[in-house]
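The structure appears below as C-alpha cells.
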Amino acid sequence: MDTHQSFNENQHPNFNSGNHGGINMNRFQRFSKPTISPIQQQQQPQPQQPSSIIQRQSIIMTQPQPQPQPQMIPIFREPNEWYKLIDMEMNKFNNESRPSPEYIKYLTQLFQQALDSLEHKNTPEFYLFLLNRATFQSKIGENEDAKGTLKYMKVLKMESFEVFVLLSEIESKSFRFSKARSIINRGIQKIPSRSKEFEGFLMVIDIQEDEFSRNGCIISNNNNISFNNGDVNNNSIIMNENDQPMVINLNPQQQQQQQQQPYEISSSSSLMSTPASSRHLSNRSSIVPTPNSSTKLSESIKTIGLRSVQPRRVIHKQTTTNFNTTTTTIPENSYDDDADQPMDHDGNNNNNFRIHSNNNNNSSANSSYNKSENDEDDQDEEDEEEEDEDEDDDEEDEEEYEDNNNNNNNNNNNNNNNNNNNNNNNNNNYFKYNRQQYILNNDSDTSTNPNSPASSNSSVNDIINSISITDDSKLDYENNVKLQQQQQQQQQQQQQQQQQQQQQQQQQYIQQQQQQQPKIHPQRFSLQNNTPTTTTTTTAATNVQNPSSSSSYISPPLSSQSSELQHQRRHSIQAQRANKPPVIPPPSKLHQNNLQQQQQQQQQQQQQQQQQQQQQLLLQQQALLQQQQQQQILLQQQQQQQQQQQQQQQQQKQQEQQLKKTNMQPPPPKQPQPQTQTQQQQKNINNSEIVDKEKSFEVAKSWSEVAMVNGKPYLRIEFIGKGGSGKVYKVLSGDLKIYALKYVCLSDPNEIEAQLNEIEMLKRLRKQVNIIQLIDYEVNMAKNYILLVLEFGEIDLSKLLQRLQTPNGTNVNFIRIYWQQMLQAVHTIHEEKIIHGDLKPANFVSVQGSLKLIDFGIAKAIQSDDTTNIVRESQIGTINYISPEALIDTSQGGPKQCMKLGRASDIWSLGCILYEMAFGYPPFKSFSNIISKYQAIINPHHKIEFPVHPNENLLKVLKLCLIRNPHERPTIPTLLNHDFLKI
C-alpha cells in the first residue's frame, strides 16, 4: 500500500497533501519520504551497518521492490502548535554541532507531517516554516530538496531576501558560481532596498570562485563538511563537493605511517599560509582506515559521482635528485597555537619546520633551505621585510666599501674580503633568523677553497651558527650591539682625526706642486671622496706616514672572525653615510625645459577651467534673468486682468445704482442710424468668416464624434478627466470655440440633486467674472443624463502647484497672486449668500491666466443667521480641507447627518489650501489613517504644526484661517486687506 494514499484517506478533509491549493507539491521534491509514527519507528528493527560505510540522507537507495510501509495514524495539531514545535526543534538543531542520524530523521518526518497538516497560504508563519525547512535540508546536504522547497516558496509568491541568499548559497556549494550570481542579481531587481547586502554576497561568491579556481575547492567554506552516521570513534569525514560525497579510506599500514611520521607537503603549497587549511590538516587523523592492507592510497580514494575537480584532502609530494633528497615535513601539532613545540635530538625548539639533508661525497656542499610564512603572525612578516631591507643595505655597503678600498689603493685586502664574502654567501645562502631555528645536519666533509682563507679555518656549521640567532640569545645579542655601537663611535672619532690629518697633508702636497708647477691640468685631480688620485706616490706617502690609520680603517675582516665584525663594519659604513651631506645634481637643460612645459600646460588648463566656470556662471545668470522677466510679465498680465475685473465690477455697481435711482425704468431705445459703407463692409467680412467656420466645422465632423446639446453640435476633441459619475471632455463648438462638456449619468438620486443644484447656482452666478461660466445645458430624464457646456479651463490649481513646486518651496509672489484671486472668487459667492462647502485646489481652474471657481454640487444658500444646514447621508467635502464644524453632526440621532455651516467653513478650507501652497502638503497629511485624521481635525486640543517660512505675514494669515472656533476666524475683506497682499 502506498504511504501517501493511506495518509490521504485519514487526514483532515480541508487539506490535501498531494495537491495544495491546486499545486502539486511532490514535483518540487526530488523524492518523497515515508511518514512513520514514533511508536512504529521504535518497533521497526534497525539494520546494523559497518561503521566504515558513509551514508548520506540525500542518496536514494533504489530497490527492486519497495518495502510496504505501515499505515500511520495522522497527528492533528493546531497551526500555532506546529509553528512553535518547528521553531523549538530548529533552535535545538542549530545549537548541536553533530546532530545524530535519528534526530535528523525525526526532524525530516516532523517537517513532512507539518507540511501535510498546515494550510498552504502566503502567511508570515507558513513562510518561516518553509524557510526553516529549506535551511534544514541545506544543512543536512539535501540541496536539491532545499531548492525544491525554495521554488515552492516562489510559487506561493514568498520571494524574499532570505530565499535568494539561500538559493545562491546552495548553487555556490555545487560550484555553480555564475548561476549563484544570477540569482543574487535577480534578487537585486526584485528587492532593490536590500541591494547593499546583495552586493556583499556577490563579493563572497567572487572570493569562493577565486578559491575554487586556485585550490580546486572552497577552503574558507566550512559548512560543506558533514559527519558519517557510523561509529564516532572512526571519525569519518564526508566533504560535499559538487553535491556529491567523497570517501577517503587508508589501509592500516598507511594509517600507522601517518601516526608515526608527520604529513609531507610541498613547500610551495598555498594551504600552508591559510588558517582554513590548518583546520583541514588537523582533521587528517580522522581519515578512516580499511581492513585491506594491500591497497594503496590512490586505490583507497572512492569517489561517488565526482566531476573533473576533486577536493584536495591529502597533498603528498617527494622530490628526488641525483645529488640529494630533500623532504619538508610538518608535525601534526605544528598548526596548533597552544600545543608545545616538538624537540629535536639536540633539545632545541623547532618552529614548524625541520630540514633534513643527506649530502654525497662531492667537491662542494649544497645547502637547501625552506622559508615558511605564517599569515597569523604579523611580526614575522615585519621581520622579513626588515631583513630584506638589510640585505639591500649590505649590498650598497659592500659597494661603498669597495670604493673606499680602491681610493686607498688597498686592492689586495679588497680582493681577499670579496673572496671571503662570496664564500660566506655560497655557504649560508642568506639564512634568515625569523623566530625559527634552522638545523643543518652535515654528514659529509666539505671541500675547501684554496683561494679563500676562511675555508681552512671555518666550516659550514660554524658559519650558520655565527649567522643564525636563536630566541634564547637575543638578549646577549642586544648587549653586543650596544658594545659595538660604542666601539663604532670611538672608531668614528679616530677616523675623523685621521681624515683631518690626511687633508692637511694633501694641502701641503698641493702647495708644493703649485710652487713647482704653476699650471696643472684639471683632469689630474678627482673629487671623489675628497682625495687626489694624480699619482700613486701621494697615496704611498700617506700610507707610509699613517700606517696605523690605513690598517685600522681599511683592513678587511678575516673569514675566521664571526659575524660580529661584519655587523661592526656595516654600522660604521652607515654612520659615515649618515654624516655625508646629500649630493644634489644640478638640473639639466632638458629637465628645465620639461618643467617649464609642464608649468605652461598647467597654467593653460587652469585658464581653460576658469573660462568654463565663467561661461557657466554667465549662462546661469542669463537663465535667472529670463525667469525673472517671465515672472514679471505674468505678474503684469495678472494685475491688468485684476484691474479690468475691478473696473467691470465698479461699472456694474454703478449701473445698478443708476437703475435704482430711475426706479428701474429701462433706457429709451436707440434710434437706428443709417449704415455707412464701412459698416456694410464689416458685416460682409463677418458673414464670410461665418461661412468659412461652418465649412471647416463640417469637415471636422468626418473625423470626430459629435455631441448634441439642445440641437447644437459639439465635436469631441479629447478626454479631460472624470469624477464621481461624471466625465469631462474638451469639445469644439460650431463657431470654432473651445469649451468643456460635462456628461453626468443620473443613476443616483443624490447625484441628480447635486447636478440640478449646480445648474441653478451657475445660472445665478452667470455674470460673475471669478466663477466658471455656464454656456448651455440639457437635462434628459428619459435617458438619465445631463449635459453641461462650461467655460474651458486650461489647468487646475492642484496640477499647477505641482509644476511650480521647487525644493525651496513655491515662489511667494505666485502664492500672493493666486491667494488674492481665490479670495476674490470666494468673496463673490459669499456676497451672493452662497457657501461652497467643498473648496480644494482641484476646484480652482485657470482660464486665460485667471483663477475661477467650479463644482457647485454641494453649495447651499445662506439662511437668515448667516449659516446653512446641509443634510447628507455621509460626509461632505474632501477631508484634507474640510472644517471641524463640517464633521460634527447636529441632527441629535436622526437618520441622516446634519451639519450647520457658515462662511467661516470656507475660510478654513482656504487656509488649508494656502498651507499646501506654502509647504507642499495639507496640514493633516501626516495622518495616513482616515479615522485618526478625522479625530485630529475635530480634536480642539490638537495643535497644528507650522514649519518655518521666510515670510512672517504668510504664517500670520495661516494661523488666522486655521482657528478652530469659527466665530474667531477672519472674513474675506479682512484677508484682502492683510499685509501679506501688500507688495
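The backbone N, Cα and C atoms fix where each Cβ goes, and this holds for glycine too.
The number of other Cβ atoms within 10 Å of the Cβ belonging to ASP838 (active site, proton acceptor), over all protein chains shown, comes to 20. The active site, proton acceptor annotation in Swiss-Prot covers ASP838 and rests on sequence analysis.
ILE720 (ATP binding site) carries a strand DSSP state (E or B). Non-local contacts of ILE720 (ATP binding site) by the CB criterion (under 8 A, 6+ apart in sequence, same chain) comprise VAL728, TYR729, LYS730, ALA740. According to Swiss-Prot, the ATP binding site annotation covers ILE720, GLY721, LYS722, GLY723, GLY724, SER725, GLY726, LYS727, VAL728, LYS742.
What Swiss-Prot lists as coiled coil is 380-430 (among others), and the listing cites sequence analysis.
Look at Swiss-Prot and you will find 474-517 (among others) tagged as coiled coil.
Annotation comment: Swiss-Prot describes 588-665 (among others) as coiled coil.
Residues or ranges marked as compositional bias 'Polar residues' in Swiss-Prot: 1-18 (among others).
Under the heading compositional bias 'Low complexity', Swiss-Prot lists 253-278 (among others).
The feature compositional bias 'Polar residues' is assigned by Swiss-Prot to 279-301 (among others).
Residues annotated as compositional bias 'Low complexity' in Swiss-Prot: 319-329 (among others).
Feature annotation from Swiss-Prot assigns compositional bias 'Low complexity' to 348-371 (among others).
Among the features that Swiss-Prot reports, compositional bias 'Acidic residues' is placed at 374-403.
The compositional bias 'Low complexity' feature in Swiss-Prot is assigned to 404-429 (among others).
Among the features that Swiss-Prot reports, compositional bias 'Low complexity' is placed at 529-563 (among others).
Here Swiss-Prot flags 673-683 (among others) as compositional bias 'Low complexity'.
If you look up Swiss-Prot, you'll see 714-981 marked as domain 'Protein kinase', on the strength of sequence analysis.
Annotation source Swiss-Prot lists region 'Disordered' at 1-26 (among others).
Reduced to three states, the DSSP call for GLY726 (ATP binding site) is strand. The Cβ of VAL728 (ATP binding site) has 19 neighbouring Cβ atoms from other residues within 10 Å, across all protein chains displayed. On the 0 to 100 pLDDT scale, the domain 'Protein kinase' (714-981) averages 86 in the predicted structure.
Reduced to three states, the DSSP call for ASP838 (active site, proton acceptor) is coil. The separation of LYS722 (ATP binding site) from ASP838 (active site, proton acceptor), Cα to Cα, is 17 Å.
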